[in-house]
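Here the structure is laid out as structure tokens; the discussion comes afterwards.
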There are 2 protein chains.
Amino acid sequence: MNRRPFNFSAGPAALPEEVLQQVAQEMLDWHGSGMSVMEMSHRGKEFVSICEQAEADLRELLAVPPQFRILFMQGGGLAENAIVPLNLSRGGKVDVVVSGSWSRKSAQEAGRYADVRIAADAKSNGQRAIPAAAEWQLRGDASYVHLCSNETIDGLEFHELPDLKALGCDAPLVIDFSSHVLSRPVDWSRVGLAFGGAQKNIGPAGLTLVIIREDLLGHALPICPSAFDYKTVAEAQSMYNTPPTFSIYVAGLVFQWLKRFEYGGKTGLAAIEQRNIDKATLLYQALDHSALFENRVAPDCRSRMNVPFYLRGTHDTPELNQAFLDEARERQLLQLKGHKSVGGMRASIYNAMSLEGVHALVDFLKDFETRHG
Amino acid sequence: MNRRPFNFSAGPAALPEEVLQQVAQEMLDWHGSGMSVMEMSHRGKEFVSICEQAEADLRELLAVPPQFRILFMQGGGLAENAIVPLNLSRGGKVDVVVSGSWSRKSAQEAGRYADVRIAADAKSNGQRAIPAAAEWQLRGDASYVHLCSNETIDGLEFHELPDLKALGCDAPLVIDFSSHVLSRPVDWSRVGLAFGGAQKNIGPAGLTLVIIREDLLGHALPICPSAFDYKTVAEAQSMYNTPPTFSIYVAGLVFQWLKRFEYGGKTGLAAIEQRNIDKATLLYQALDHSALFENRVAPDCRSRMNVPFYLRGTHDTPELNQAFLDEARERQLLQLKGHKSVGGMRASIYNAMSLEGVHALVDFLKDFETRHG
């Protein structure tokens, strides 16, 4: 088989080729069970072993401390925007740091259940930088503080999580880490709850990951659907309702791929982080040195995962944008169109994207500039 | 490859072998796109075409009238137990016909959002028959009436949906048809909303099907999460949040398999219904003629999909139950254990189960009886 095209989709996104091959191989008979994973009772010993292994591998990869529970749920980030306040707001105050489109949506949805304050807004920086933590307007009696640690659409990433205690705030920090989960370590000492849709760095859409500190369980509002009450889900080991079994299985294979991943003399999460740094550096440098393309985010806030870029100034015409996308596709560089709300282009370079893929994109950027710049 | 084992799981459940083969074949490259379906943006033309085709095929198979919308959602039946009252109760009255474990759970969960009345309860018939519609205690001003048209655990099925108007009730009927969807036609003139988890007759767990009459859209309570507001989901063609794309793809392949399915001189849904009738008849007759096994449900309420059965009288010991399950497994008859809440055995004989599989089970029942009866 020839090389697969390079897929820059923002999500659902590229998966490691060897994971897809294993999924295909095991499709009709998982480990001699006579069943596809899709066909297994979620309560049978086969699937329970798959689920337990996936959870253990994830815990190891992300160094999740024992006082945190790992939940496999459904609904994605948009559903969590309601499920988090239903579980944690206690009907009180919620402070949200808005760094882009996703945290803005989270703030809006939380407003159904709590008194929401926008503690800071990247709009004040022209959406090019995350406001400094020292400037955040946090309330001492907030039930929690929410931020999106990587904004998929805007391409802004927190490279360090805030220490809320040092900012005089005792509330737990909630992070939406959908689009950079498992691309780098998480400082759990600063986090109360982290959630993410699986469809960027983990596996198929339809699986939602929630990692929650145990003391935050058990505070759901009475109007919280039981299937989304974290305590209920935790007590049932994520099997209160039928979990998205096949997605958990694929996620588990991705976790095992990550555990054995080697790069730059490192293994596992440290290796993938190093490759992500190298990929991002390569792409941002190419954009910064280009007279035709630009990324507009402040260097210290640039996402390692999602790189929006635009044609500069008068070059930014619908025709040239389309020509770029068409030629990219011919070169087997897929799904580079920017999000409809911001236009332009976007390269999502998640864990499964190789350094070779980013080189191919950078070569194409230069070649396109030579011909159209 | 040898014949696959026969898998009687209640869900997630067996899928047609040719569907699994196609999924495996297309895993690394769907139709020359260079992508796995798991890797496609849900807004890209490839996945949009998959989703539209799945919806059109489902509409054709179930003869869904134009005034009904088809929604692909997440969370399964247990989440819908909250999502339905959040959308339809208007904070008012909900009448529930309890025919088994699932409708009992639905009633309980709806009680968070509405004034719930149990209109009838199969408990009054020793859980062996659905109470006659003429006896139901319906309220004229109920926002809706809920029933579970096939009880997976108890093995009771509605072979005809009630005509609520003829019972003097103008409320829309909501049916949970998770475990017999696509096994038979639906009389849409009697239904306002039907919902079901995919993991029995449709595809992988994690996809929830909702079919709703358009006039019932737009009445969600303010506390309903946006991702679960049927109107929001309908207006976004099921893409308000990222849908479970891979599950929709597999479901679409199952729909195409059903459309070309032939049996007894029939094609499509009529053919699968005929085979389901023949399979159920074969199995119930074997149980009724057995001195060792029994099914306890009244003949006119027996499910064509889920057949719970028990060892009779003094034969019903833990040892003999276990011996049955162990020997069944050796014969490649898988997942026959009854639900933990009722014990005994259960054969789920969904669409993907062949007549050959039921013959193999019946042969084993007779053989086991010869040796242990």
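Every residue gets a Cβ built from N, Cα and C, even glycine.
Among the candidates A:Asp121, A:Asp176, A:Asp278, the one that TrEMBL lists alongside A:Trp102, A:Thr152, A:Gln199, A:Asn241, A:Thr242 as binding pyridoxal 5'-phosphate is A:Asp176.
Looking at A:Lys200 (N6-(pyridoxal phosphate)lysine) and A:Thr152 (pyridoxal 5'-phosphate binding site), their Cα atoms lie 10 Å from each other. Chain B comes within the C-beta cut-off of under 8 angstroms for none of the recorded positions A:Trp102, A:Thr152, A:Asp176, A:Lys200. When secondary structure is read from DSSP and collapsed to three states, A:Arg43 (L-glutamate binding site) falls in the coil class. Here A:Thr242 (pyridoxal 5'-phosphate binding site) comes close to A:His42: these same-chain residues lie at least six apart in sequence, with C-beta atoms under 8 angstroms from its C-beta. Cα of A:Thr152 (pyridoxal 5'-phosphate binding site) to Cα of A:Arg43 (L-glutamate binding site): a distance of 35 Å. Of all residue pairs in the pyridoxal 5'-phosphate-binding list (A:Trp102, A:Thr152, A:Asp176, A:Gln199, A:Asn241, A:Thr242), the one with the greatest Cα separation is 29 Å apart. The candidate set comprises the binding-site residues A:Thr152, A:Gln199, A:Asn241. Of these, A:Gln199 has the most other Cβ atoms within 10 Å. Under the DSSP three-state reduction, A:Asp176 (pyridoxal 5'-phosphate binding site) is assigned to strand. In sequence order, A:Gly77, A:Cys148, A:Glu151, A:Thr152, A:Ile153, A:Asp176, A:Ser178 constitute the residues six or more apart from A:Trp102 (pyridoxal 5'-phosphate binding site) in its chain with CB-CB distances below 8 Å.
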